[in-house]
Amino acid sequence: MGDNGVSEIFEEPKKGKFKTSKKTKESVLKQKSPAEFFAENKNIAGFDNPGKSLYTTVRELVENSLDSAESINELPSIEITVEEINKMEFNTMIGLVDRERVDEELYDDFESAKVREKRLAKEARLQEIQAKNASLGKKAKEPSTNTKGPKGRGETSFFKVICKDNGRGMPHDDIPNMFGRVLSGTKYGLKQTRGKFGLGAKMALIWSKMSTGLPIEISSAMKGQNYTSFCRLDIDIHRNIPHIHLHEKRENKEHWHGAEIQVIIEGNWTTYRSKILHYMRQMAVITPYSDFLFKYFSHAADKNMTIKFARRTDVMPPVPLETKHHPSAVDLLLIKRLISETSKPNLLQFLQHEFVNISKSYAERLIGEMGPDFSPKMFVKSLTSQQIVRIHQLFRQAKFDDPSGDCLSPAGEYNLRLGIIKELQPDMVATHAGSPQVFEGHPFIVEAGISLGGKDVKQGVNIFRFANRIPLLFEQGADVVTRTASKRINWNSYKINQMQDKIGVFVSIVSTKIPFKGTGKEYIGDDITEISSAVKSSIQQCCNQLKSKIMKKLQARERQDRKRNLTRYIPDASRAVYQILEEMTRDNEPKRQRYDEKDAELLAKIESEQITEKTLRDNLTQHIEKVDYEMALEYATQSGVSEEPREDIYLNALENLPDFVDFHSPVFVLRFIP
């Protein structure tokens with residue numbers, strides 16, 4: 001055996017002996033493309049099974065559309081259509097002719113005569129038992145549906161998913177690479193992004209290629225373009241390049257801008273229907289400035305549905321800004337990449353301009369601390385591996401100011417509160433936005449909302465989690481929000497019954513780096529102290545607000561009870577007082593002054609029947625009403641609650657709206673229009 005691990009070639013044996021190949025079998029080094037890797041590990045990107053693949057496809061398309069519209073400061077209007085396609089329609093689309101079965105025993109659902117006889121006998125016995133129970137008045141049990149399923153995948157369902165938006169659109173020449181080349185895009189800078197892997201609709205295209213073999217269709221137009229780009233393509237998974245079927249420009253008569261993507265995939269609507277609708281509802285909560293129209297079409301008319309999540313505000317969060325790396329958050333590979341990509345010639349300018357919170361004077365101090373081999377004017381691209389390691393070590397040990405949260409774009413208290421009210425219609429709601437904090441050199445902001453009551457809310461604690469303004473629906477039990485809300489909050493101390501009240505807990509975390517756990521990136525771990533503490537603090541702030549409202553509500557209820565009790569005793573009290581006054585009138589001797597003038601005047605009116613028992617009863621009732629009104633007015637003034645029931649409404653802005661200035665508050669936005 002040689003030093004290189006490859007077998008040496010020995011002398012050829014004599015005739016009559018066994019023969020060996022003259023060529024040595026050597027292992028061949030193979031390389032996988034990014035597309036091939038994700039195709040083989042599709043569960044990483046959320047394509048575990050047909051049902052979840054349908055859900056993930058809808059999610060990726062919706063989030064792409066939101067990013068596209070927000071990037072041009074356009075209020076998003078997104079239409080999602082999911083259309084069921086049966087096997088016959090699918091075969092027609094791909095040009096496959098259905099054939100009748102020739103060898104029935106070849107199929108997994110084949111049933112022999114003996115097996116069929118046993119099944120029919122079992123069904124007959126069940127029907128006999130059910131009929132006997134019915135005659136005796138017993139409650140019939142539901143027949144068992146546990147039948148042996150097919151060994152293979154059996155009959156599959158296919159779905160056409162269409163997503164149309166009013167976003168930025170895509171340049172005509174860039175469309176093939178934007179969809180047909182994995183790990184290529186415009187979202188790979190350091191900034192807050194909705195995506196988890198940077199795949200977007202590319203993974204939906206890979207799944208379509210794997211499950212149906214059909215291409216994806218894209219229509220796109222940018223603002224001001226008089227044409228619409230149309231592209232039909234699939235992906236060469238092994239080479240990670242697009243395979244273009246058709247790419248052309250078409251007339252844009254409607255002056256539309258945005259993108260429309262159509263993909264046909266294998267899926268399962270039955271098992272993931274609730275997840276998809278739950279996702280759309282939560283997206284409507286966190287983006288109340290968006291307009292969503294969701295349609296589902298099935299061959300069974302009773303299963304068709306159209307759900308509209310209407311826009312309720314035109315106040316949008318700012319677009320997240322790309323930022324530079326914090327020195328404490330970089331590793332050796334990242335430093336080397338920044339050095340290779342920088343346009344700054346020397347080390348001083350490199351430190352000053354490629355990182356945040358390093359001023360010129362501080363950069364000079366850092367260089368002085370690095371040692372005699374470093375100087376401010378040294379050529380940055382001439383740094384050796386040892387010198388780069390020294391820079392990295394100093395970055396880990398030196399003290400730097402925390403990064404600011406200016407680059408982040410949280411939903412905002414106003415939008416979070418409005419989204420909760422719009423979708424859940426709770427009895428009470430409280431929101432809180434924390435100040436920017438830092439973990440591992442990355443800024444993050446936690447926003448929280450707590451609601452009590454509302455429609456379609458179960459008793460107990462209902463968790464709604466968001467990361468960079470997208471809902472997280474899976475692996476909830478291990479998430480920091482779930483553990484904090486269920487184990488670290490003493491709900492009873494805030495006058496909230498954890499078991500009986502309908503509690504909605506909404507927590508949104510935004511950051512340049514969300515610390516997801518697990519391969520699917522579906523939850524945020526509970527092991528980061530900074531995030532765990534911020535989540536707990538934000539929830540407690542909301543609970544304190546609710547406690548104040550609950551106490552005031554209890555006080556108002558006590559006043560109502562007191563008024564009701566007083567009103568109940570008015571007739572008896574009036575009768576008793578009137579009887580006493582009548583007795584005093586009879587005992588009043590005109591010769592001797594026993595009462596002062598006012599009392600005497602009152603007794604005179606009693607005697608002349610100007611004041612009767614009914615008069616006393618009416619006056620007592622008016623007095624109680626007056627006191628109750630004054631107390632209610634004081635309560636409304638303190639809590640800001642109007643006496644009349646209110647309903648939040650949204651009025652569309654007029655066309656050609658002039659320039660305006662918004663002043664934001666946690667509960668309202670004041671707009672000045674010149």
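Quick reminder: no glycine exception, Cβ is built from N, Cα and C everywhere.
Over in TrEMBL, the protein carries these features:
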type: REGION; residues: 1-26; note: region 'Disordered'
type: BINDING; residues: Asn64, Asp165, Thr186, Lys187, Gly195, Lys196, Phe197, Gly198, Leu199, Gly200, Ala201, Lys202, Lys521; note: ATP binding site
type: REGION; residues: 131-155; note: region 'Disordered'
type: DOMAIN; residues: 403-562; note: domain 'DNA topoisomerase VI subunit B transducer'
Per-region confidence, the domain 'DNA topoisomerase VI subunit B transducer' (403-562) (mean pLDDT, whole number): 89
Residues satisfying Cβ distance under 8 Å from Ala201 (ATP binding site), sequence separation of at least 6: Glu60, Leu61, Asn64, Phe179, Ile216, Ile261, Val263
Local Cβ density at Lys521 (ATP binding site) - other Cβ atoms counted within 10 Å: 20
